[in-house]
Amino acid sequence: MCWLGWATLFAIALSVNSLSKHDMFDYGEQAGDQLLEQGTDQTQALILNQSMFFFDGAYDTVYINTNGFLAVEEPKVESEYLGKMPASFGMIAIFLGDLDNSDGVGKVYYRQDSRPSVLLRTIDHISQAFPQDDEIKPTHALIITWENVAAHGEHGRGDGLDRKRNTFQLVVASMASASYAILFYPREGLQYISTPVAGQSVPVHAGFSQGLVQAWFSWSSSQGPYYRIATDDEASVRQLSEETNSGRRGVWVYEIGTSPFFSSITPGLIEFPPYEHEEEEETPEPELPPTIYPLVQTRYPEPVQTRYPETVQTRYSVPVQPAQLQPPRYQPQTPQVVVVDEDDALDVDVFAYSSETCASNRQKCSSFADCKDYTNGYCCHCRPGFYGNGKDCVAEGKPQRMNGKVSGRVFVGNSPSPLEFYNNDLHSYVVANDGRAYVAISTIPAGLGPSLQPLSSLGGVIGWAFALEQPGYENGFSIIGGVFSRQAEVTFLPGNERLTIKQEFKGVDEHDHLVVSTELEGRLPEVPHGSTVQIDPYKELYQYGSNRITSSSNRDYTVSLLDGSVQTKTYQWRQTITYQSCPNDEAVRDVQPTQQLSVDQIFVMYDSGNQLIRYAMSNKIGSIHGGPPEQNPCFTGRHGCDTNAACRPGEGVQFTCKCSTGFTGDGRQCYDIDECRETPEICGSHAVCNNQPGTFRCECVDGFQFASNGKTCVEVDRPIDHCQRGTNNCDIPERARCSYTGASAYICSCLSGFVGDGHTCQELEKTQCERDRESIQVSSDTGSFSFFRPRPAVSQYIPTCDQHGAYEPTQCHGSIGQCWCVDGNGQEVPNTRTGPGQRPLCIDQAVIPPPIGPTTRPDVSPVAPGTHLLFAQSGKIEHIPLDGYSMNKGEAKALLHLPDRVVIAVAYDCVEKMVYWTDITGPSISKASLEGGDIISLVTTDLESPEGLAIDYLARLMFWTDSMKDRIEVAKLDGSQRRVLFDTDLVNPRPIVADPSYGRLYWADWNRDGPKIEMSNMDGTDRTVLVKDDLGLPNGLTYDPESQQLCWADAGKRLFTKNMLTLSVKSYAKRAYTIDFAVAREAVVAVDHTTDRETDEFLPQKRSRVYGIATTPTQCPQAYNYCSNNGGCSHLCLPRRSGFTCRCPDVVDGSCVERNL
């Protein structure tokens, strides 16, 4: 490819915005479409104007079906394939499920189109996904659009307008020798991701299935390849609209068939991961979701045959065996940034060899390597046809990719404030047989992007790792593999700006991609917006020592400004690379102590429209001495071998091209070997072979998973509802309730009137009110009367008790029509009696302590059995039973699974036993029952980052903070009647707690310039700053109603324990439970109030960020406020210290009355 081709490749505009319906190809009757007949399983045969290539076949007739697929043969009835994929017939499943358009709202459109405007759009999408293909000239397009189709069996209110509906589109573009599929999933078009199948909700399928194929040497048929785009995980289906392989979210491009040779379904090359919530550095960010590669349950079969020539160039002087086709058994891993303090030595614990033997450590070598025992231990050596350090081996000649994350805190020019960014995406691609490297980093803000242009080596380390080797020299990956650490110091002249680059390379993942995390810290000289940068070719010396490589160079670059002026600048580059080699190899490896990396044809560009920084360069590794340049095309890179081939030098300028392992051909053109077709039974029973470029995978069919040996597919254990089957260990149904929580798990809880852990429940002792009530009822039955003065002495009066057995604060006597207030002992409060038709506003003064504010700590009550801790961890909410003051860590379970959500705050309503939470990805506020049931969305509009949540269980109100909108709001517990309480003098409000007994609110403002903790009444009056001195970053807050203590956690001061960085805190009984998200932990920690020491710690199984925390007491605290019965207000009743206020919501209907009482 010429240099112009390089520039063309990096000039592609990769839009990372989400797809909308308007971005799809035109459809509908106005576009000339035909309509598929309405129904739930309708099929329409369509004779094509031009053949469509699918796998290795050419088809002139296709079949369009309601259920979200296009078939190449007449499909079976839906019961033969729904929930039983892969199907026996060939199909493109764009959104395969039990779909329905019989209600007249949903429609399926289709047409064939050869207009130039349509074909040009297909060329744009395909070229963007496959930038190296320069001969894409489709002559025919088939466009199928499923619009507003519903899931069959999901019924609404009758008119069909409230059913969830999906819209998606398939475009098949064909030319003389190939066909491409373009799949469109608009973000607002996917409202459901599963459909009912045989009484169960089953996630839809997306992928390409060849169906049954004829075996080459028998009359029998076997299941052909099934390439899956989405897995059985609903989160994977949801990502269809959020990820891409073509550079545009929601758009997926695949080469689905070629002629005369076909290798495999080939996905587009331009990948960008899903949306990330942009926050400041301390704000939690979502974890990376699963990749879009096929099933997670994947194994690689045992070798079946040798594919390598007997005589191959080898990189080791040790005996080797012929390589066997056995792709690596990698475990998927997510790249993460490793934070290293500036004053720490860069000493990363990469893999280590021990003194053990190959017998017990062979699996630690690459599957493309041999293990050899030595006197002091073992070592791994890549087999012929592969190169690396034995732990990581890749095929010679095969292009290599690198993916990772970039974070940083960088000052630009003379700016006093840094630009901070986190987990930005880095993608790199190297044509290994000629040394060309391409790098792209996404989501770089305009204030930083232009100034990053001179740093081509930011991702160019992959150029050194896979540089084109000159005779007698080896590139970085050949020597040290893919696990190493790199630290570079950059000094810009003449301003002496300094930047530190730290990178952790974590090896080759299951997709043969090198994984890296990068961190930047320091200052860059400013490159004005709109300026271009040209970097001159440079040479860099690499000094090789024991497990350590150093290099340095001076690099000149030119900045061309918008006014036409030109500036020439320089920076000094010094770097250190550390790694772990095998110390047991008795044969000393012959590595040149000094090598020179030559880098030229450097191209850099900042794409401000898409916030992308791009680099390209050509890399060669060779001698530090001068001399005539090598003329053999294998060493110049101008050989014309296929990108999946290795160049073998001969005499003079002679050379040969050899296809890489897993490919076949003459070297000029290489085609993937389809192991699945050649050996159909290679994966065994209940498994599907999925061919991949250069390799293959075995995947268990639906309902099966790999056994512990990683080879045999066994049936999945079906979940058991022990509650329904009666095989649980809960107490008898008269005393306890069994609640099924999914899988085979359940929760035991005592019924009302009983107390215990659910396995053993005891009846609660009757209260005075209950005894009085029972006594009067018994007396009435026997014809006698009981008199309880000073209440009316009339036989029909019976005391009213609340759900906890206490006297209701308001007592009424129906026969005389009078009501009055009582104290905690049931005695009438003087001067509170009202006449018929009226009720006094009562509050139990005996229960509510005098409002004297936070005091010293009194004794506390023991923890009631059945109490749990709730805490949020990214996409789920977990709960831990409390056993006394200790956490019963063995019984910790997930309460709610919320994939693709980032839950921050958690609160609990002890009255209805409901769990409330905030989600910053929606954003939204939702609730669900502690005992199971559907998730109910409460607030989904006019939110940006809800991070604090508090519940008033007496007044039935919820309060929340929004750190992006800088305000505090209140609403009813059902999300109605929203009102903004405060929207001034707030910078970053986060935690908020409520004291229902006094009608008080407390919150913290994480204002870096002026942090504070404030207090107000729930109606917004009496706003007061409680604490403003000696605060850092207060981000956890709790109020203990028994001790009347207000406690907070400070991430800046690291309170509670000296090494703890806390996010949330919850006080209960005599313990404070807090979230610790220090680098070393991510734990739930218990702290004793008395000693201020940690007493217990729980480490979640999934070590990711944990956020909000709450407790679930078995009974509500006995307390009252003036809004317990809404105070007679027309809308919002907001308590305050000595009364309440009737307030209107921000959106009123005209009937609201405001008043103060």
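All residue numbers here begin at 1 and follow the chain in the order shown.
Quick reminder: no glycine exception, Cβ is built from N, Cα and C everywhere.
Marked as disulfide bond by TrEMBL: C812-C819. When other Cβ atoms within 10 Å of the Cβ of C819 (disulfide bond) are tallied across all protein chains shown, the result is 20.
The domain 'NIDO' annotation in TrEMBL covers 94-259.
Mean pLDDT, taken over the domain 'Nidogen G2 beta-barrel' (398-631), works out to 86 on the 0 to 100 scale. Taken from TrEMBL, the feature domain 'Nidogen G2 beta-barrel' applies to 398-631.
Counting only same-chain residues 6+ beyond the ends of the domain 'EGF-like' (630-671), those with a CB under 8 A from a CB of the stretch are 132, 261, 263, 307-308, 313, 323, 325, 368, 385-386, 395-399, 431, 433-436, 468-471, 618, 620, 622, 693-695. The domain 'EGF-like' feature in TrEMBL is assigned to 630-671 (among others).
Residues or ranges marked as domain 'EGF-like' by TrEMBL: 672-714 (among others).
Sequence-distant contacts of the domain 'EGF-like' (719-762), counting only residues of its own chain at least 6 positions beyond either end whose CB sits under 8 Å from a CB of the stretch, comprise 803, 864-866, 881, 893, 895, 897, 931-932, 1114. Marked as domain 'EGF-like' by TrEMBL: 719-762 (among others).
Among the features that TrEMBL reports, domain 'Thyroglobulin type-1' is placed at 766-842.
For 1-18, the entry in TrEMBL reads signal peptide.
For C812 (disulfide bond), the same-chain residues lying six or more positions away in sequence with a CB closer than 8 A to its CB are T800, Q818, C819, W820, R839.
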